[in-house]
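Participant: Sending over a structure as structure tokens; questions will come in a sec.
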Amino acid sequence: MLNAARGLAIRLSTRRALSYSGPCCAAKTSNIAEYKVVDHAFDAVVVGAGGAGLRAAMGLSEGGLKTAVITKLFPTRSHTVAAQGGVNAALGNMNPDDWRWHFYDTVKGSDWLGDQDAIHYMTREAVRAVIELENYGMPFSRTADGKIYQRAFGGQSNDFGRGGQAHRTCCVADRTGHSMLHTLYGSSLQYNCQYFIEFFALDLIMDKGACVGVVAMDLEDGTIHRFRSKNTVLATGGYGRAFFSCTSAHTCTGDGTALATRAGIGNSDMEFVQFHPTGIYGAGCLITEGSRGEGGFLVNSKGERFMERYAPNAKDLASRDVVSRAMTVEIMEGRGVGPEKDHIYLQLHHLPVEQLLTRLPGISETAKIFAGVDVAKEPIPVIPTVHYNMGGVPTNYMGQVLKYTRAKGDQLVPGLYAAGEAAAHSVHGANRLGANSLLDLVIFGRACALSILKNTKPGETPPDLPANAGEASIANLDKMRHANGDIPTAELRLQMQKTMQKHAAVFRRGDILAEGVEKMKGLYKDLKHLKTTDRGLVWNSDLIETLELQNLMLNAMQTIVAAENRKESRGAHARDDFPNRIDEYDYSKPLEGQVKKPIDQHWRKHSIIYQEPETGKVTLDYRPVIDKTLDKSETDWVPPKVRSY
């Protein structure tokens, strides 16, 4: 059935009947004549087929637009499949709840770097999104009376932080992402959406500041495909593989943020990288926060539930940045576990076996395979592990990509949209709450579709491509395919990952970051000395990994340079040399009588990061955080204050 679906999706009858012999084939490379170019025209093109990409594609196709989905792997292998814990929505099935409480918790969780109009939109629409998923057939776990089961998750409260722990996270045991991805993909097949599976996106096609399409390579036969479209959605996921230890799949290489960079668009807030508290020690595999939501807790070598000291109210369900830092402090102060005292234990064996089997079957299996642990009898060795990128391509709350200048403020990039982990909407700010990521996918995937449908009629003639469209992409592809330097791709990638792991970790310091920046500059220069060995065009994994390394390098450079420049601690960005959050006001004192600092004198602002791909040079700018909500009558903004759990 899957093979048949794949054939229907990408074996278009005219696929090899088209060819192109214009300027694209005149690039100054040695073997350019080898590259056959196929042209397509669509109303909309979606790059990526995870949760955000599939939800965008469904909305576009349902609205009658001729839609293409370009994905470098089969849709159900997208990294959304690895999400475990759940999706947040204030259904109120376990206790009274209100989306405004969810709004408050998300703003607080972001350490007041989130844009409150986008957070308003996401949390208000969350209940509708979950009901929509249920209608699509997503098999949520149930309570005894048949309602959707909701578990406790970190950083979430009732009554604006005054009413104790909220149970807001809708789940499918501990395999929620797997269920969501299969549900969305299955539902998408009822629409007339064309999938280009195992196609690698090389570059956006830009013309006079507008995005008019995408250049991609078919991994199966090496043909180059130019997708001409008035609308392009980036939904390519994060770049966790820029680090040595992460919960991300090997395919999480920051392709979308790299595409934006090469198109001259600045990415936002790349310095904010979330370390999940509970990756399996030594393997990096994710152990869901839902394990603590179900009653698990962390212990040190003394057997202490140490989170009671760091977050007296929320304890083990404080926000992820707080828990990861607490674990790191315990290890640094000699209270870690194991022979090297370099990790922490997650205890679940006090929970009933029935609860482990029904609510946490996936992590029980994962712990057995990757840690050799029977969770019903012994604790799981865990350590903070790179998990999520809060930064990405900057957008407004409708998914439209923004280009910011101080003179003009936020300006739309015509024809370009982004959703999911590839985007910075910014609903997560400096730190994402657990289970807001799956919500982000469906909310902003849908928002992109709604925005496009407002501005595009089915069958509308797409814009013409510039004469040299794809020329630089093919030139770079050919250069990497015939790279004959002395550094194998895997070797340079490993050096980059270890540099990022060492110099941009849970705790950061100016001298360590500065050293990391210099190391990364040297590694970036080494891209010119790469060596590839496979010269073929058919299933050339050596070539694709090299192109992915180019993308990772862009993301890594932007992350570490922005981190070195941000001289404060906020959310996931914690600096030993600047331990305090630096806002426009001192919120530890009464606001009355205080004068707001200008934007150059505080750090409650979004970074905008431009990079020159040829040299690697990074340029930084900053834009204000949006504090206004969409409708003050629905909910007012949450003023910043000292953040504690």
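Cβ atoms here come from the backbone N, Cα and C positions, even for glycine.
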Participant: If Swiss-Prot says Gly85, Thr288, Glu289, His387, Arg432, Ala435 bind succinate, which of His102, His276, His425 does it name for the same site?
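Facilitator: Given Gly85, Thr288, Glu289, His387, Arg432, Ala435 bind succinate in Swiss-Prot, the matching entry from His102, His276, His425 is His276.
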Participant: Just give me the nearest neighbour of Arg432 (FAD binding site) among the recorded positions Gly85, His276, Arg320, His387, Cα to Cα.
Facilitator: Arg320
Participant: When you measure from the Cβ of Gln84 (FAD binding site), how many other Cβ atoms are you left with inside 10 Å?
Facilitator: 26
Participant: Whole-number Å distance between the CA of His79 (tele-8alpha-FAD histidine) and the CA of Gly86 (FAD binding site)?
Facilitator: 15
Participant: Taking the mean position of the Cβ atoms of Gly85, His276, Thr288, Glu289, His387, Arg432, Ala435 as the succinate site, which residues outside that list, in the same chain, have a Cβ no more than 8 Å away, listed in sequence order?
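Facilitator: Other same-chain residues with Cβ inside the cutoff are Ala83, Gln84, Phe153, Gly154, Leu286, Gly290, Arg320, Tyr388, Gly434, Ser437.
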Participant: Which of these binding-site residues is closest to Glu289 (succinate binding site) if you go by CA atoms: Thr71, Ser78, Gly86, Asp255, Leu438?
Facilitator: Gly86
Participant: Measure from the Cβ of Gly85 (succinate binding site) and count the other Cβ atoms within 10 Å, all protein chains considered.
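Facilitator: 28, counting other Cβ atoms within 10 Å of Gly85 (succinate binding site).
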